[in-house]
């Protein structure tokens, strides 16, 4: 065990090791809440379907406007300041959920949590890219995702027990975990932002430098839209698919996390030498099959197969895309590039629940997921066609600056 600790210490930098710890702590408590948030709001707001969807849409809708500012903040003030502020805001929001009773209070707290996420995600990803050699970035992102999945494995099971006992305990534990992470980061987290980056003013001011990452954003929307639906409307759609839907959701969440924990690093390491074109082709095929799987899964076996296929897609694709963006971005715009790309999650999670709720009530859940399967195939073909231009022209141009 001591040998393993020294191996981790020598292989990964201090910011990376701290991120490992924080990811494990917060993923466990966050996973207790994730599968049940929609159901909790659904019950608290007298069985309404659209009101929970509206509240959940507010956070990512606000994030759309906040994320670009957050990327600029992390590039100007530094990664450490942005991360500490983010953790404090998220801890305060989760504490508020313990006492919230009215719809407008839930909405305010959801937006506050979104501000924290908008700051944390680009800052933490930029810090990983700055403190890790390029040859090891995909590995580090994969390990972080695997650690996150480790927390997700146990989180839903504990969350179901707490939800049946008293749901507010879930929020209290999440708030405590975020605050502990904040305290340790305040003591141990170094600043990794370059003190004197080689800034090219013309490059910074030009909108054209963002075109490649905007293209990635656009063609990643179907992926994030699939996640938006599995996190919201699928929770309600599953009521019609399974008699014991709470147990099925819990088993699905735990199984998917376990698949990710086991498969994440081997899949990333095994595909490092593949071209981005091949990686993205595999990724979008897997996501398209998973979307169709959600539409037709009527048994636990089918649902677990869907989870496994989706895990392969996200393990291969999402991790390599993070590394790809770190190569794409000029050093002085790294935080903003991660922020811009991350907008696709906010866009999907702002319009997805509302659009999905309307389709669910009008046409049924199958229509949502079959339509997403078609969109994913189309986006995947488009991205595999254009990705070679980004690899051979844009990255070469940026690296010469």
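Heads up, the Cβ atoms here are built off N, Cα and C, so glycines get one too.
Per Swiss-Prot, transmembrane segment is recorded for 20-40 (among others), and the stated evidence type is sequence analysis.
The transmembrane segment annotation in Swiss-Prot covers 49-69 (among others) and is backed by sequence analysis.
Among the features that Swiss-Prot reports, transmembrane segment is placed at 83-100 (among others).
Marked as transmembrane segment by Swiss-Prot on the basis of sequence analysis: 104-121 (among others).
Summarising the annotation, Swiss-Prot assigns transmembrane segment to 140-160 (among others) and lists sequence analysis as the type of evidence.
Sequence annotations record features per position, and here Swiss-Prot assigns transmembrane segment to 167-187 (among others).
According to Swiss-Prot, the transmembrane segment annotation covers 207-227 (among others). Sequence-remote contacts of a segment are chain residues at least 6 beyond its ends whose Cβ falls under 8 Å from one of its Cβ atoms, and for the transmembrane segment (207-227) they are 284, 287, 290-291, 317-318, 321, 324-325, 328-330, 333, 337, 340-341, 343-345, 347-349, 352, 369, 372, 375-376, 378-379, 382-383, 386, 390, 394.
Taken from Swiss-Prot, the feature transmembrane segment covers 248-268 (among others). Tertiary proximity for the transmembrane segment (248-268) is limited to same-chain residues at least six positions away from its ends with a CB under 8 Å from its CB atoms, namely 31, 34-35, 138-139, 141-143, 145-146, 148-157, 159-160, 235, 238, 241-242, 300, 303-304, 307-308, 310-312, 314-316, 319-320.
For 289-309 (among others), the entry in Swiss-Prot reads transmembrane segment.
Feature annotation from Swiss-Prot assigns transmembrane segment to 357-377 (among others).
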Notebook entry, point to check: By Cβ distance under 8 Å, which residues at least 6 away from the ends of the transmembrane segment (289-309) in the same chain are close to it?
Noted result: 226, 229-230, 234, 241-242, 248, 251-252, 255-256, 259, 365-366, 368-370, 372-373, 376
Notebook entry, point to check: List, by number or range, the same-chain residues at least 6 past the transmembrane segment (104-121) whose CB is under 8 A from its CB atoms?
Noted result: 41, 44, 54-56, 58-60, 62-63, 66-67, 69-70, 73-74, 82-83, 85-90, 92-94, 96-97, 338-339, 342, 346
Next item on the list: Could you tell me whether the transmembrane segment (357-377) and the transmembrane segment (83-100) have 3+ CB pairs under 8 A, leaving out pairs under 6 positions apart?
Entry: no
Checklist line | Intrachain neighbours beyond the transmembrane segment (357-377), with Cβ under 8 angstroms and 6 or more residues off its ends | finding: 49-50, 53, 222-223, 225-226, 229, 232-234, 236-237, 240-241, 284-285, 287-289, 291-292, 294-296
